[in-house]
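> I am attaching a structure below and will ask some questions about it afterwards.
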Ligand SMILES: Cc1ncc(COP(=O)(O)O)c(C=O)c1O
């Protein structure tokens, strides 16, 4: 076979259908290796999932070819009648699922969605309150190295020292004193329910916009396994690739009207929904990724089914079962447990760092990420914690009893972190264990 670049181009010229294996054996081989990894390891990263074959098919479809700068009915390129229908379909499905007045499906991912919120609501140097990264917040909620921490004044709010949960009383005091223009509610490593009603009261007292970032929990919300923030918030942002099982992307939900228009945007001729849209395009982005919007529409169709409701509740039951099993084995968990899809192992009392344990677990086929814990004495590049999540293993069909077995695997590795024989044995057992389950989008392709 001619695998030279010239040979590949010639085949493409004569045969537009040339397969990946024929055109690029290197990428194809990497793909096969990744598929094998996905089939034989336990994906416990709380922000990852398995998209369905239908979602993957739309992601890899010819919609990737189309330029569609603008919005349905108002594009800067011709030939968009079909993608206009597609984007409108995704928007309408999103609005119906969350009960939102307005939706934008064009953000390239979660961070650009959040950036658009800053552009739409604030001016540089305005005050923003958010949960700091070490306490479970996201980089884009005002962390020092992120644009949100350098271009805006950050006013962190924190966790209660004892409960390790959001301290709403202290938050209220800080908001009253600082009067931030925007308050974020949401996080990347927070294992408990967010009290949106309490946050809405606090935000209203301080004349602050309230923005929920539901990147992690959007699937749980759709399933009814976590409260929906839409009624309480001015804006809601999300990724589409975590618990909601869509393609890698983002979306923004908002009210149409801005309750603070007269106070903060008296000269703007645009309402809140229009300012969000204008922030995404043309202020921050160019052409939307229509293949991703197609795949999002498919994922939203899947998420509207009774099966997805069951799935969302099972995610939470599995996370709780994993938490219980680890607590039984003597592990410490941030907040002492979980109400959602994730748990954070606090390893401060153990000899190694979060990073070192995560590396050992990966060798044994247990894929996690190391994570800061509240009051972490270690650097963010090392940390003293590990974040675990149940969405992906729940997508494989695992239930509570499998979580007990997963806790046993984790314990075996963490108790003998330097015994490579143990890692190799667990690696083999994990592969056997996974073989009994289907991996959506991988084993059914
Ligand atoms: C709460 C939260 N917001 C935003 C993001 C950013 O998403 P992305 O990585 O797609 O930019 C994440 C990603 O982990 C997140 O957890």
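Cβ coordinates come from backbone N, Cα and C, glycine included.
Model, not experiment: these values are computed from the prediction.
Feature list, courtesy of TrEMBL:
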- 133, 137, 138, 139: (6S)-5,6,7,8-tetrahydrofolate binding site (BINDING)
- 21-410: domain 'Serine hydroxymethyltransferase-like' (DOMAIN)
- 242: N6-(pyridoxal phosphate)lysine (MOD_RES)
- 241: site 'Plays an important role in substrate specificity' (SITE)
> Could you check the binding-site residues 133, 139 and say which one's CB has the fewest neighbouring CB atoms inside 10 Å?
139
> Suppose we screen the recorded positions 133, 137, 138, 139, 241, 242 by Cβ distance to ligand 1 with a cut-off under 6 Å; which survive, in sequence order?
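Only 138 qualify.
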> To the nearest Å, how far is the Cα of residue 138 ((6S)-5,6,7,8-tetrahydrofolate binding site) from the Cα of residue 242 (N6-(pyridoxal phosphate)lysine)?
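Roughly 15 Å, rounded to the nearest whole number.
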> Setting 133, 137, 138, 139 aside, what same-chain residues sit with their Cβ within 8 Å of the center of the Cβ atoms that define the (6S)-5,6,7,8-tetrahydrofolate site, listed in sequence order?
130, 131, 132, 136, 140, 141, 142, 143, 146, 187, 188
> So for residue 241 (site 'Plays an important role in substrate specificity'), how many other CB atoms are inside 10 Å of its CB?
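Residue 241 (site 'Plays an important role in substrate specificity') is surrounded by 25 other Cβ atoms within 10 Å.
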> With Cβ-Cβ distance below 8 Å and at least 6 positions apart along the chain, what are the contacts of residue 137 ((6S)-5,6,7,8-tetrahydrofolate binding site)? List them in sequence order.
130, 131, 143, 156, 184, 186, 187, 188, 190
> Check the DSSP secondary structure of residue 139 ((6S)-5,6,7,8-tetrahydrofolate binding site), expressed as helix, strand or coil.
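Assignment for residue 139 ((6S)-5,6,7,8-tetrahydrofolate binding site) reads helix.
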